[in-house]
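Participant: Structure incoming, see below.
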Amino acid sequence: MIKKIGVLTSGGDAPGMNAAIRGVVRAALTEGLEVFGIYDGYLGLYEDRMVQLDRYSVSDMINRGGTFLGSARFPEFREEHIRAVAIENMKKRGLDALVVIGGDGSYMGAMRLTEMGFPCIGLPGTIDNDIKGTDYTIGFFTALSTVVEAIDRLRDTSSSHQRISVVEVMGRYCGDLTLAAAIAGGCEFIMVPEVEYTRDDLVAEIKAGIAKGKKHAIVAITEHMCDVDELASYIEKETGRETRATVLGHIQRGGSPVPYDRILASRMGAYAIELLLQGHGGRCVGIQNEKLVHHDIIDAIENMKRPFKNDWLDCAKKLY
């Protein structure tokens, strides 16, 4: 019988994490459970930095970016003796289960704790949208809004100077954020890690656009694919058009979450409590076709396939 739970955020922050914490806390309190917030992710769990939360602890949090509980990278959590200390800390507080909000690295920690006998539920919190078992992750749509706003501003100046702009978008090794931003921002060219593409392919497409009368262009590219400053220099050399690179960086992680992320985070947080009360552990929450679902965490980490959004890419190319 679950009476007390913990909640933490781990890994890179994402807009909507506070809304997810709020969803967990208020749904748990409605069911008569006690809730403890853990500061700075798994590091705080290991260092026994926890605080009991009530309804007012999460007041005015639904619209705030970041995570008020904090987050930290803690690779040492891979070690079993480190996790054993974390479990002992939770047991000292009387905790029966844990809700973890984060990406696939956070999921791995939750899975390991479950394997050691401490039930966990994972919620997908990352702007990269790279978690298997869910159509969208908490924070994706807010980051998308931020990227599109930046692209709109770059288009203003690119068109004024008949310039080519190369925009580096976050996503780690997933092109979803780049693809969505390219469609919404009307980008002329796209480079994502799921599609094999050379810089000469890109230059050929840009030259074809120039031959048709294109005066300026926006190139959206996912991070880690290449050095965007070098790419911009190469494009300028090969096309004769002034080209500049812009790395949006961590600004993409900040900002007040858009309504969809607030709703998604709230629903997922409340659903995590439902699952725990039903006796589930080692599960992760997702949304598929606008319905909440849950999967075994190990499947989300290792076994499930995450289909590439070819229809998004096809749409973007038709609109070049």
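Including glycine, each Cβ sits where the backbone N, Cα and C put it.
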Participant: Please identify which of GLY12, GLY16, GLY23, GLY32 is recorded by Swiss-Prot as part of the ATP site containing ARG73, PHE74, GLY103, ASP104, GLY105, SER106.
Facilitator: GLY12
Participant: Report the candidate from GLU188, GLU194, GLU223, GLU274 that shares the substrate site with THR126, ILE127, ASP128, ARG163, MET170, GLY171, ARG172, ARG244, HIS250, ILE251, GLN252, ARG253, as recorded in Swiss-Prot.
Facilitator: GLU223
Participant: Among GLY12, ARG73, PHE74, GLY103, ASP104, GLY105, SER106, which the record lists as binding ATP, how far apart in Å are the two most distant Cα atoms?
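Facilitator: The span, Cα to Cα at its widest, is 14 Å.
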Participant: Distance between ARG73 (ATP binding site) and THR126 (substrate binding site) at the Cα atoms, whole Å?
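Facilitator: About 14 Å separates the two Cα atoms.
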Participant: Rounding to the nearest whole angstrom, report the longest C-alpha distance spanning THR126, ILE127, ASP128, ARG163, MET170, GLY171, ARG172, GLU223, ARG244, HIS250, ILE251, GLN252, ARG253, listed for substrate.
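Facilitator: Of all Cα pairs among the recorded substrate binders, the widest measures 32 Å.
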Participant: Could you tell me the C-alpha distance between LYS212 (ADP binding site) and THR126 (substrate binding site) in angstrom, no decimals?
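Facilitator: Distance (Cα to Cα, whole Å): 39 Å.
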Participant: Within 10 Å of GLY103 (ATP binding site) (Cα-Cα), which of the binding-site residues VAL25, TYR56, ASP128, ARG244?
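Facilitator: For GLY103 (ATP binding site), the binding-site residues whose Cα atoms are within 10 Å come to ASP128.
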Participant: Using an 8 Å cut-off from the Cβ centroid of GLY12, ARG73, PHE74, GLY103, ASP104, GLY105, SER106, can you name the remaining same-chain residues around the ATP site, in sequence order?
Facilitator: SER10, GLY11, GLY41, GLY102, GLY109
